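Peer 1: Quick paste of what Swiss-Prot says about this protein:
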BINDING   45, 51  NADP(+) binding site
BINDING   131, 132, 133, 251, 252, 294, 309, 310, 311, 312, 313, 335  FMN binding site
């Protein structure tokens, strides 16, 4: 039986269709939505170094079709849409009148082309391309941007930075140091060290010249999550499992690490985050567990590294098979970015924001925003009195 959740959403739309759309159910009423903030998150997703030609066409703006009265949530399902500027150029291709010899039958290794062709049997890889495309992340960013605003009102923030491009690494810094984070957010590649940024740019430029793409790592931190979110009572209620499930759904993500989880050099006495008690609160001098123990938030920042593979659409020829005649051939190129790591950092912030708000509402069920604020404020003020 599927687990009931207070907050849920579905999205729909094709990469070159008329619009990307989402229905969000469970957002509390009487919350004033900052639409400019959502549009700014969409802009942050687009203005990244390493992007392809599509981002010169699209000027993403969110439109609310239901669930708001003015800018105030009503408690009804919220329908959001981002209309695709590129859609008119693809009307004939997506019309269903494509001739047999115009159908795409050469799958790109690493993409959903081959699996989609056989799973759905439409005879045209274009159908899987349209839905597996990372264009879908535009509407997921908008959904998360709404959740981010609600979280900020209850003292929770999600931030990110690019930690690596290929085998080049940036410094790990406190994302909640406002001066440092402003520098990161103004960086072309959302990194802190200026010399590292130059190296990142050079690496991406070399890949572009060689017809290649490149992956990397994103570091995420969530501040303000109270102790007790998630549960170890059942396997499917653990907070790290839920976050992993959501994060792994992002196109290109192949691994996730919480805290220092992949540092195999540490022994138990060093890895375990010691427990201290100061000024009426429990504190940890380290955060190797990444803010989650036994599937439950422990009050520290939730910290994750997310590993993103190179984009599968490359100009460099590699082997594949033409599904029309089953003969070996080389890959075809579909317009794409050189690196998705920088935009992924923005998308991941918003994916995490949705998941954290979902678990907040599961723990503090609230139909109305001020009810939620009261519930969580009371909990924060009394939890350590137990």
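From the backbone N, Cα and C atoms, a Cβ is placed for every residue, glycine too.
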Peer 1: Rounded to an integer, what is the Cα-Cα distance in Å between residue 309 (FMN binding site) and residue 45 (NADP(+) binding site)?
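Peer 2: About 18 Å separates the two Cα atoms.
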Peer 1: Provide the number of Cβ atoms within 10 Å of the Cβ of residue 131 (FMN binding site), excluding the reference atom itself.
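Peer 2: Its Cβ shell of radius 10 Å holds 16 other Cβ atoms.
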Peer 1: Taking every protein chain in this structure into account, which of the binding-site residues 45, 309 has the most other Cβ atoms within 10 Å of its Cβ?
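Peer 2: Its Cβ has the most other Cβ atoms within 10 Å: 45.
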Peer 1: Return the residues near residue 133 (FMN binding site), defined as same-chain residues 6+ apart in sequence whose C-beta is under 8 angstroms from its C-beta, sorted by sequence, else 'none'.
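Peer 2: The answer is 14, 15, 251.
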Peer 1: Can you tell which of 252, 311 has the least company, meaning the fewest other C-beta atoms within 10 angstroms of its C-beta, among these binding-site residues?
Peer 2: 252
Peer 1: Over all shown protein chains, what is the count of other CB atoms within 10 A of the CB belonging to residue 313 (FMN binding site)?
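Peer 2: I count 21 other Cβ atoms within 10 Å of it.
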Peer 1: Find the longest CA to CA distance in the recorded FMN-binding set 131, 132, 133, 251, 252, 294, 309, 310, 311, 312, 313, 335; express it in Å as a whole number.
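Peer 2: So the binding residues stretch over 43 Å, Cα to Cα.
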Peer 1: Under DSSP, is residue 131 (FMN binding site) part of a helix or a strand, or is it coil?
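Peer 2: Reduced to three states, the DSSP call for residue 131 (FMN binding site) is helix.
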